[in-house]
Every structure is written in C-alpha cells, then in structure tokens.
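Student: This is the structure I have questions about; it appears just below.
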Amino acid sequence: MFFGLTDKLQEVFKKLRNKGKLTEEDVNAALREIRLALLEADVNYKVVKDFVARIKERAVGQEVIQSLSPAHQVVKIVRDELINLMGGQNARLNLAPKPPTVVMLVGLQGSGKTTTAAKLALSLKKQGRRPLLVAADVYRPAAVKQLQVLGDQIQVPVWSQTGDPVEIAASAVREANHKGYDVVIIDTAGRLHINEELMRELEEIKARVKPHEVLLVVDAMTGQDAVTVAETFHQRLGLDGVVLTKLDGDTRGGAALSIRAVTGCPIKFVGVGEKLDMLEPFHPDRMADRILGMGDVLTLIEKAQSTIDAEQAAAMQKRLLSDDFNLEDFLEHLRQFRKMGPLDHILSLLPGFGGMKKLREELQFDEKELIWAEAIINSMTPEERRHPEIIDGSRKRRIARGSGTTVQDVNRLLKQFEQTKRLIRQFMGSKHLKKKRFPNLKF
Amino acid sequence: MGLFDRLKASLGKVRETFTAKIDNVLRRRKIDEELYEELEDTLILADVGVPATEELLERLRARVKTERVEEAEDLRRLLQEEILRLLGEPVPLLLPPSPPAVILLVGVNGTGKTTTAGKLAYFFRQQGKKVLLAAADTFRAAAIDQLEIWAEKSGSLFVRQKEGSDPAAVVFDALQAAKARGVDVVIADTAGRLHTKSHLMAELGKIVRVAAREVEGAPHEVLLVLDATTGQNALSQARLFKEVTGVTGIVLTKLDGTAKGGVVIAIRKELGLPVKFIGTGEKIEDLAPFNPAEFVKAIFD
C-alpha cells in the first residue's frame with residue numbers, strides 16, 4: 001500500500017541526497033514532485049495545497065539550509081507533517097462505561113460496511129466482549145442474509161427484523177440490554193450523502209439509539225470526492241471516526257490523508273483483506289513511515305507476535321539476521337509467513353520494500369507457489385538445503401522428480417531464495433533499521 | 001422523459017458542482033495564468049488525474065493562441081470539445097451475429113457488479129431478448145441470493161451453484177443451459193476482487209478460457225464495473241483487469257452522487273478503454289448506454 005507515493009518521494013529525496021546543500025530551487029523542485037505524487041495518490045487538492053505550503057514554510061527556512069544533511073531534514077519535516085495531517089496518536093474505539101456500547105456504521109454503497117461490521121465483531125469477541133450484530137440494511141437485496149452468513153462464520157448473533165431500520169436498531173439495543181450483549185454493531189444500508197430521505201433516516205437512528213461511536217466506512221480507493229462525502233456525513237451525524245477499507249490493494253490511499261485533515265475525525269481502523277480477521281488499528285506514524293518507504297516494522301512484529309510464539313519468533317529473528325541464511329531457514333520462513341497472512345501484505349510491511357518496486361514484482365508468489373516451494377525444498381537432502389550452491393543439473397532433475405515439479409520450477413525457487421537473501425542483506429545494511437528500530441524490540 | 005433528459009436529471013449533482021465551478025472560473029475575467037490554474041484545480045477535483053489534466057490544458061492553451069480566443073466564456077466550448085476528443089467516439093456493444101452473447105462483469109469489491117448485472121439483464125429484456133444471469137460470484141456471502149432477486153425482477157433465467165463452488169463451473173453450466181434453451185444474452189456476475197491479488201485474477205482468467213471453449217468468441221464483452229467515486233487507482237484496476245481478462249469496456253456506476261468519475265478520461269487516454277454504460281441510480285432502469293457527446297453536453301449545458 002502507498003507504494004507509488006513511497007517510490008516517488010524516495011526518488012525526490014534521492015535527488016536531494018546527492019547534493020550537499022539545499023537551495024530554494026531544490027526545495028521547490030522537491031515540492032513540485034511531492035505535490036504531484038500526492039495528487040496522483042488522490043489526496044484532495046486543497047489538502048495538498050495546504051500541505052505543500054506548510055512544508056515549504058518549514059523547509060525553506062533556516063533549519064534546513066544550515067543543517068548538515070538537508071535532505072534528511074526535509075524527509076523528517078515531510079514525515080512529521082504527514083503524521084500531523086493524519087492525526088497524531090492512534091485513536092481507539094470508545095467503549096461505554098455502562099454497556100452496551102452502541103456502534104453505528106455508515107457510508108456509501110459498496111464501501112464495505114457489512115464486512116467491516118463482521119470484522120469489528122470478531123475483533124471485539126477476541127477481546128472477550130459479547131457483540132451483537134444488527135442488520136439494519138433493509139434496502140439492498142440479500143444484505144440481511146449476507147450479515148447472517150458472516151455472523152454464522154464468526155459465531156456472533158445477528159439481530160434482524162423486517163420493517164423500519166430505526167425500529168430494528170432500537171429493538172436490537174433492547175435485546176442487548178436484556179440478554180447482556182455488551183457491544184451492539186449496527187450495519188446500516190449504503191446510501192448517497194445527498195439522498196435527503198436516507199440521510200434523515202440515519203439521523204433518526206442516531207437520535208433513537210444514541211450510539212457511542214458513529215463510524216464512517218470509506219473505500220481507500222476513493223478519489224477527490226472522499227472529502228465531500230466525509231464532510232456531509234460528518235455534518236449530518238457528527239462522526240466519531242473513520243474505517244478505511246480495501247487498503248490491501250495498490251491504492252495510494254490519499255483519502256486517509258484528506259478525510260482526517262478536512263473533518264478532523266480520526267481513522268480508527270483499516271481493512272487489509274477479505275478474511276474476517278483482517279482489520280487493523282490505524283497508526284498515523286506507521287502509515288507515514290510507509291509513505292516514506294521506511295516500512296512498517298511494528299505492525300509486522302505485532303502480527304508475528306500474535307501468530308507465532310515468542311520463542312519461535314526470537315529464533316526466526318536471529319536466523320534472519322545471521323549471515324548464513326539457508327534454504328532450511330527459507331522454508332521455515334515461508335511457513336511462518338503463511339501463518340501470518342497473504343504474502344504481499346506481509347512484504348508490504350517490510351522496511352525498504354516500498355522503494356524496491358522491481359524486486360517486489362519478482363517476489364510475487366501466491367499461496368499455491370508456496371506449497372510447491374515447500375515440496376521442492378522437502379525433496380532436497382539436508383546437505384543441499386544448507387549449501388544450495390552444490391545443487392547442479394543432475395541434483396535439480398532429482399529434486400524436480402521428487403517434488404513432482406520441473407527443473408524450471410526448481411530454478412525459480414532457487415532464484416527466489418537468492419533474492420530473499422539479497423533483500424535481507426539490503427535492509428540489514430540499513431543503519432536506520434539497525435540503530436533505530438531493533439533495540440526496542442522485545443524479542 | 002427522454003433518455004437525454006433522464007441523463008441530465010440524474011447527473012444533477014455532477015452538473016451542479018462541476019458546472020458551477022467551471023462557471024465561476026470563467027465568469028468575469030480575461031484569460032490569464034490564474035484562470036488556467038483554477039481550471040486545473042477543477043479538473044483535478046473531478047478525478048481527471050494529473051497527466052490528462054495537463055494534456056487538456058496544453059491543448060486549450062494552444063487553441064487559445066491559434067484561434068485568438070480572448071473571452072474566457074469561449075473556453076467553455078473549447079474545453080467541451082477537448083474533453084470529448086479524449087473520450088472519443090461512442091463504442092457499441094460487441095455482440096455476435098448468432099446467440100448466445102456472453103457478457104462478463106468484473107471489478108474490485110463494492111463497485112456494483114451484481115446490481116449492474118440486474119440492470120443489464122433488464123436492459124436486454126426491454127429489447128425483447130431472452131436473458132440468463134449466471135451467479136459466478138460464489139465467494140461473497142449472499143451474493144447468489146442477491147442476483148437471484150434481480151433475475152426475478154428482470155424476468156431472466158438464472159443459473160447458480162452452491163456458495164464456494166468453482167465460478168468457472170457455474171459459467172460452464174450457464175453456457176450449456178443458454179445453448180440448450182436458446183438464450184440470447186448470458187450475463188455472468190463475478191466476485192469482486194482486488195486487481196493485485198494474483199490468484200484471484202488467475203481465477204478470472206480461467207472463467208474467460210472456459211467461456212471461450214464453450215461459445216465461439218466468448219466472452220464477447222468483458223465489462224469492468226467501476227465506481228465513479230474511485231480515484232486514480234482506477235487506472236491500475238483497468239490495466240490489470242485488461243491484462244487478465246481482456247476488458248472491452250467500462251460500466252461507470254454511482255454517477256448519481258457528487259463524484260464525477262473523471263478518471264475514465266484518463267483510462268480512455270492511457271488504455272483506450274471506452275465507457276459503455278453508466279449507472280445513475282438504484283432502480284432497475286437506472287442504466288444507460290454511454291454516449292460521450294450527450295454526456296459532455298449533459299454536464300455542461
């Protein structure tokens with residue numbers, strides 16, 4: 001995610017880095033690139049204007065011109081401002097002191113409300129809460145059924161009735177009070193922000209059930225209109241936060257920047273996959289790091305910690321950092337990665353990956369290829385796994401036969417292994433990573 | 001109400017915001033740098049994107065010079081003409097001389113594929129065609145039920161399998177049924193998928209291959225369903241879906257909101273893909289064939 005913007009800004013700063021000092025023209029050149037990159041990333045043009053003006057004010061000033069490494073200074077300023085723009089600290093879900101907490105999801109058609117409702121319910125359930133899902137979308141054909149199917153999958157009850165959405169919401173809250181559910185998640189119908197009648201319906205639901213959280217669900221691929229939509233929903237309903245969905249694609253997600261800047265509403269969660277456990281808290285600082293190509297090591301580590309036990313993680317980390325990373329480690333790696341989720345998502349979290357577009361493309365393997373890779377490595381002798389350089393033509397033929405693959409497949413796997421090794425060396429060599437990130441790690 | 005008036009009415013909000021902005025920019029003044037800059041902002045705000053916007057403005061500047069245009073008001077006509085030039089001629093549906101015609105709907109999640117399938121079925125039913133809807137979205141919960149409701153509403157035949165079954169098998173069944181029952185148009189709804197998920201895209205490739213094997217020249221149309229609120233990512237969507245499925249055109253949905261869908265200009269320019277239909281509401285008749293000239297006229301007049 002945010003790959004494009006990352007690549008662009010890195011290009012800009014590479015140009016800056018090659019010079020000793022920054023002139024005002026250098027800064028202007030960088031700002032032009034930043035402006036273009038942000039516009040191409042669908043950041044609202046007014047937000048871009050303000051952003052660029054703020055950067056310029058700080059960048060052309062004394063601190064940059066006189067600082068020893070002006071390029072780093074600009075990177076820092078841009079990063080600070082990006083974090084600033086996206087809202088500083090991580091915002092959480094407000095839970096009511098006296099249950100049930102009522103959460104209401106609103107948004108345009110197709111933004112992902114129903115899926116988000118189920119994801120949110122699952123995440124709360126994992127935290128030991130007792131959520132109740134409410135199907136208040138009585139308009140879209142089969143919307144209620146969709147929520148019921150998802151509710152079944154995560155074993156969370158779904159409240160549904162025919163009739164008026166306001167009544168459905170109110171009766172759901174009564175049901176929660178009665179049966180002791182502590183979070184009520186209302187999935188409302190998608191609607192256009194300019195549909196007066198349906199917007200009024202949302203106001204009525206809000207007035208009736210007094211939700212603690214009204215969350216706007218927004219597609220991360222939304223263009224310039226994101227701001228109009230968010231502003232209108234905010235004016236009518238008083239939003240408490242935003243959920244950004246479909247961030248697992250290649251969208252640069254400029255909507256994340258704009259919505260916060262324009263409405264002041266924090267982004268609380270991001271959807272990063274179709275599976276129901278793929279909802280993550282939004283961290284502005286990490287997102288800014290991603291934009292700037294610093295990767296998102298913290299999210300990766302949290303993910304690793306929740307899926308792999310600490311001991312295994314420590315061992316894995318150690319091997320990752322050791323020089324003699326071999327095919328056995330590679331296999332172990334592939335297995336761990338598979339546990340954590342889709343590879344492209346995991347890889348997108350790695351530092352430096354944003355700038356390595358070509359490598360990223362080369363490394364695109366899908367889940368099926370992973371199974372093959374495992375079969376191929378399993379067909380090697382321990383000696384071959386530890387010293388891949390001894391694998392010659394005849395060994396390759398044997399390995400291919402043993403794993404039911406072809407010599408080309410074996411070659412491809414060996415190439416991928418070499419690339420991974422190279423990748424690891426590359427970010428091992430990054431001073432930023434070694435000094436600033438790893439001392440804080442608790443494994 | 002005629003087609004054109006309906007188009008005009010449903011584009012009401014787009015007209016209000018986009019046209020009002022252009023009006024504001026053009027009123028009261030002479031042609032200067034500031035004016036070009038404001039035009040640029042307006043186009044960017046319509047999601048036209050930086051490269052297409054720059055091209056439009058370059059052409060405007062050149063024509064202002066050669067045609068000695070002095071009044072800002074005259075820029076409106078030039079801008080209309082230039083947008084029209086980028087949008088190109090209307091491209092008709094590529095339907096085979098002998099039935100069944102096979103139309104595949106593809107796109108990312110939540111753009112309105114299932115709704116479009118229903119509306120498209122109705123569109124062909126209105127022309128007296130025998131239509132079959134194929135529920136090849138076997139992934140999203142209740143997508144099959146949703147399409148079945150549309151099949152009933154539009155009076156179309158319906159082919160389905162269980163949730164989770166192979167979508168290519170559903171398409172295979174649908175085509176067999178279509179051939180046996182003399183169906184004119186088969187419309188297959190597929191599951192939404194992000195264009196970056198290679199294994200899901202490969203699944204679409206399989207559907208296309210199965211269709212081609214069963215009916216000559218199929219799928220005759222592969223329509224990318226695109227949400228008008230989408231920004232520049234739409235280019236990436238169009239590019240990758242085109243690579244895998246040979247997209248032949250775009251259905252631009254949700255044009256009844258405030259989003260302009262300007263990215264289709266960039267898509268036409270970069271990938272040559274034309275818009276074939278636009279969705280302008282939630283009702284079954286809210287789908288219209290796209291005509292660039294009428295569209296530009298509806299926005300500006």
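Yeah, the Cβs are placed from backbone N, Cα and C, and that goes for glycine too.
Not my notes, these are from TrEMBL:
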| type | residues | note |
| --- | --- | --- |
| COILED | B:22-89 | coiled coil |
| BINDING | B:107-114, B:189-193, B:253-256 | GTP binding site |
| DOMAIN | B:274-287 | domain 'SRP54-type proteins GTP-binding' |
Student: What are the sequence-distant neighbours of B:Gly110 (GTP binding site), meaning same chain, six or more residues apart, C-beta distance under 8 angstroms?
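Tutor: Set apart from B:Gly110 (GTP binding site) by at least 6 residues yet with Cβ under 8 Å, we have B:Gly192, B:Asp227.
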Student: Mind sorting out which of the binding-site residues B:Gly110, B:Lys113, B:Thr190, B:Leu255 are close to chain A, meaning Cβ under 8 Å from one of its Cβ atoms?
Tutor: B:Gly110
Student: Which residue among the binding-site residues B:Lys113, B:Arg193 has the fewest other Cβ atoms within 10 Å of its Cβ, if you could check?
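Tutor: Candidates: the binding-site residues B:Lys113, B:Arg193. Fewest Cβ atoms within 10 Å: B:Arg193.
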Student: Averaged over the whole of the domain 'SRP54-type proteins GTP-binding' (B:274-287), what is the pLDDT?
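Tutor: Here the predicted model's pLDDT, averaged over the domain 'SRP54-type proteins GTP-binding' (B:274-287), is 93.
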Student: Cβ-Cβ under 8 Å from B:Thr190 (GTP binding site), same chain, 6 or more residues apart: which ones?
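Tutor: B:Leu104, B:Leu105, B:Val106, B:Lys113, B:Ala136, B:Asp137, B:Pro167, B:Leu204, B:Ile207 - these are the non-local Cβ neighbours of B:Thr190 (GTP binding site), listed in sequence order.
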Student: What does DSSP say about B:Lys113 (GTP binding site): helix, strand or coil?
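Tutor: Where B:Lys113 (GTP binding site) sits, the three-state DSSP reduction gives helix.
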Student: If you count, for each of the binding-site residues B:Gly107, B:Leu255, the other Cβ atoms lying within 10 Å of its Cβ, which residue has the minimum?
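Tutor: Taking B:Gly107, B:Leu255 as the binding-site residues, the minimal 10 Å Cβ count falls on B:Leu255.
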